[in-house]
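Quick look at what TrEMBL lists:
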- 42-435: domain 'Amino acid transporter transmembrane' (DOMAIN)
- 1-20: region 'Disordered' (REGION)
- 78-100: transmembrane segment (TRANSMEM)
- 137-159: transmembrane segment (TRANSMEM)
- 171-189: transmembrane segment (TRANSMEM)
- 196-219: transmembrane segment (TRANSMEM)
- 231-253: transmembrane segment (TRANSMEM)
- 265-289: transmembrane segment (TRANSMEM)
- 311-335: transmembrane segment (TRANSMEM)
- 347-371: transmembrane segment (TRANSMEM)
- 377-399: transmembrane segment (TRANSMEM)
- 420-444: transmembrane segment (TRANSMEM)
Amino acid sequence: MLSQKQAEEAMVSSFDDTEQEEREVENKAGHSMFGLKSFLWHGGSVYDAWFSCASNQVAQVLLTLPYSFSQLGMLSGIILQIFYGILGSWTAYLISVLYVEYRSRKEKENFSFKNHVIQWFEVLDGLLGPFWKALGLAFNCTFLLFGSVIQLIACASNIYYINDKLDKRTWTYIFGACCATTVFIPSFHNYRIWSFLGLGMTTYTAWYMTIASLVHGQVEGVTHSGPTSLVFYFTGATNILYTFGGHAVTVEIMHAMWKPQKFKYIYLLATLYVFTLTIPSAVAVYWAFGDKLLTHSNAFSLLPDSGWRDAAVILMLIHQFITFGFACTPLYFVWEKVVGMHDTKSLCLRALTRLPVVIPIWFLAIIFPFFGPINSAVGSLLVSFTVYIIPALAHMLTYRSASARKKAEEKLPFFLPSWTAVYVVNTFVVVWVLVVGFGLGGWASMTNFIKQVDTFGLFAKCYQCPPPPSAAAAAAAAPHH
């Protein structure tokens, strides 16, 4: 008991030393500007982590949740949001426990993380070995790659509703160049002001969607027939699984904190706030437009044109730029480590090193511009493993021996004080997500995704765009038999 207490004190002392070093850097950075730069640029508090989690968790997916409700039906949509929100919070908690375990072990070996950002695949490597490192690296990087692709697609999809003089593919080229500027943001430590603004933007957009739908009222002849098929049902379910699977960057957010051991319940608190955005907006839009959403995956396409809508579009564009940075920054770190530039202090040199990461993201966004269906495909095939199955399995394997459980750095949560109960919950997560998320969800979302490819083709110039006025007029004038 005494040795465990000493180990805990040593870990806290080590974390406190790191915190002191980071605060000293901050003070030097912000001294000449009365701390303004430090206030806006250097964030490592519990509140910064909460803003980062809440801001990053729901971005463009806010606009596709009404589409998911049209596939699932109202009741299933609400229940699955709450279910996957709780499930996601649990696996984020597991990731935080494994991070603290890994870091404390390395700190005891006198390993310094002063110029090194710990990442999920390194945690898996340190606790479980090279196979798990490779598995974590493959799934995490692929998910974050497509997560960045989705943000680019969303940018083009949204701006089109303000300016349709350019097609969505051209807007993708433009926003790809804009998002490439995220190479200049060193780490999650520097997202303080962006996270705060980002959450304000999604909050405005969610409540605009709710109020605008209620004010608009139900469209004439509205129907709410979902769910109408298994493909639709499981496609919608995996989009919600994707919504609450935004914790692929948990380790990097924790590492940016001054006291990472305080992270444990932050993701749950962030999720509870996110519920106040996602549930009312999805319910209101689906109530107003019903089955029309089945062919309109972006809620902006159905909401009436107004200054309020334009403001929401612009705010979401800025937020998608921020979320692109959130998804891409861990990829930047991985690439820096591969080419041996991670310890370089020159910001410009690191930015130049990072640029090649943006190119495949740009290219994939142009190939697969299917805003909505791509979320479900990524959710079922990548999110299911990255942030649900692998963390649950890794936690079970790390603490499989009695000695490992006895020496665990983090005590069991107060609401689940038994190792048996923890293993039961973890087993449920693995089986449920493997069967329902990856199996049925993968089948449904890929069926739907292939349908989009068949309908619109790869490199689609303007996905789900209304036909030009001349084509619409010609169709209307055509003789009817």
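For all residues, glycine too, the Cβ spot is worked out from N, Cα and C.
Predicted automatically and left uncurated, TrEMBL annotations should be read as such.
Between the transmembrane segment (137-159) and the transmembrane segment (420-444) there are fewer than 3 Cβ pairs closer than 8 Å, counting only pairs 6 or more residues apart in sequence, which means the two stretches are not in contact.
Contact check: the transmembrane segment (347-371) against the transmembrane segment (78-100) gives fewer than three Cβ pairs closer than 8 Å, residues 6 or more apart, which falls short of the contact criterion. Comparison of 78-100, 265-289, 311-335, 377-399 by number of C-beta pairs under 8 angstroms to the transmembrane segment (420-444) places 377-399 first. Outside the transmembrane segment (171-189), and at least 6 residues removed from its termini, the chain residues within Cβ reach (under 8 Å) are 22, 42-44, 52, 117, 148, 151-153, 155-156, 159-160, 249, 252-253, 255-256, 317, 321, 324-326, 328-329, 332-333, 347, 350-352, 354-355, 357-358, 361-362, 365-366, 369.
Of the Cβ pairs linking the transmembrane segment (265-289) with the transmembrane segment (196-219) and spaced 6 or more residues apart, 3 or more are under 8 Å, so the two regions touch. When Cβ-Cβ distances under 8 Å to the transmembrane segment (377-399) are tallied for each of 78-100, 196-219, 231-253, 311-335, the top count falls to 231-253.
Sequence-distant neighbours of the transmembrane segment (231-253) (same chain, 6+ residues past either end, Cβ-Cβ under 8 Å): 49, 52-53, 56-58, 61, 64-65, 67-72, 76-77, 80-81, 84-85, 87-89, 91-92, 95-96, 99, 117-120, 123, 140, 143-144, 147, 187-188, 263, 267, 271, 274, 278, 294, 326-327, 329-330, 333, 372-373, 375-380, 383-384, 386-388, 433, 436-437, 440-445, 447-448. In this chain, the transmembrane segment (311-335) lies in contact with the transmembrane segment (196-219); the count of Cβ pairs under 8 Å, excluding pairs fewer than 6 apart in sequence, is at least 3.
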